[in-house]
Amino acid sequence: MKPAALQLGVAPPANRGLAILDFFLRLIAIVGTLASAIAMATTNQTLPFFSQFVRFRAKFSDLPSFTFFVVASSIVTAYLVLSLAISILHIAKANVVNTRVLLLVLDTAAMGLLMAGSAAATAIVQLAHNGNNKVNWFAICQQYNDFCKRVSGSLIGSYAGVVVLILLILLSGVALSRR
Amino acid sequence: MDHSTHSTKESGDIPIPMTDSKSSKASSPLMPATTNKTAKQPPVSRLKRGLGVVDFILRICAIVTALAAATAMGTTSQQLPFFTQFFRFKADYDDLPAFTFFVIANATAGAYLVLSLPFSIVCIVRPHIIGARLMLLVFDTIAVPLVTAAASAAAAIVYLAHNGNSNANWVAICRQFDDFCQRVSGAVVASFITSLIFVVLVIVSAAALRRN
């Protein structure tokens, strides 16, 4: 790279490309996490039969892991929407190092939170699908079919969000090392 | 007559080989070779070296916690003193797939950390190296969700084991399998600490990668 091109305030073309890619990846992550939060939060299946004392209903709030998943997904979605502003700043201005490091730190925290929620929900979904003979836990998916399908589908969106967040962190790292 | 060489001999200084006069006016004189270059490290080098040392120490702590979590979970086996004619009441870590994944993930993280120690030492010795630091950043970024996933999946199962779930008719097995539950809960805590250390390692690598 010729020395004449590295002036203050002008982004080298590669970093601007990285910043634009960062912005679009954030949009994809927002869609994924928002969809998965909504899909999980709107689960509500009532079985057509009921006894005199108990109604057979399954919601996400019946299982604490799913509640944690909805909360974590919502927090990460809100954070991603707010970080769009910083991402636009990175496209416009080149030599802001401190906000890039800050964005990387917050992205790492968000990824950890989202992965924690997704893994907890996955563990419960695996139990619900297969049951466990050794501890006498019954596979509830055999009865609550729609509930299980919806919950499993919402996990896909959040795992996609995790993968995109990993890519965002790597992009930030490469952009930091390139200045 | 060559004026440039004549002037250097007259002054009595160290004979610095100078080029022709036009170019010698534009460029500054070369420094003599006897300057001590390693007398004082610039502050940026010291900062990056310090970050490298922090990185190394944190890696060693993470090795301890990751391997402790894996072994604590992997050596669980509790058998209750009573049994029926057909059934033996035993709880192992491989009864639950989440726990099996937990052991594998933490063992993998521990092995990766041991293998990454030489790279961390290289980053201390040469503070301005970028390739090794970037590689550590990439693999640490992959390790964070791996260990977090293992820890939180096991935490979800442990929570169920402690409290049960009346809506799904799942019995709280911790009331019977006491030692098993305590050991497993301790392993989950160690794994969460490992995950936190990995997050700090990512931040340290990113801070050290900045070109100042």
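Glycine is treated like the rest: Cβ placed from N, Cα and C.
What you are looking at is a predicted structure, and each value in this text was computed from that prediction instead of being measured.
Annotated features in TrEMBL:
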COMPBIAS  B:1-12  compositional bias 'Basic and acidic residues'
REGION    B:1-42  region 'Disordered'
COMPBIAS  B:20-39  compositional bias 'Polar residues'
DOMAIN    B:49-196  domain 'Casparian strip membrane protein'
TRANSMEM  B:56-76  transmembrane segment
TRANSMEM  B:96-125  transmembrane segment
TRANSMEM  B:137-161  transmembrane segment
TRANSMEM  B:187-209  transmembrane segment
Winner by Cβ pairs under 8 Å against the transmembrane segment (B:96-125), considering only B:56-76, B:137-161, B:187-209: B:56-76
The domain 'Casparian strip membrane protein' (B:49-196) - residue tally per DSSP class, helix then strand then coil: 113 helix, 14 strand, 21 coil
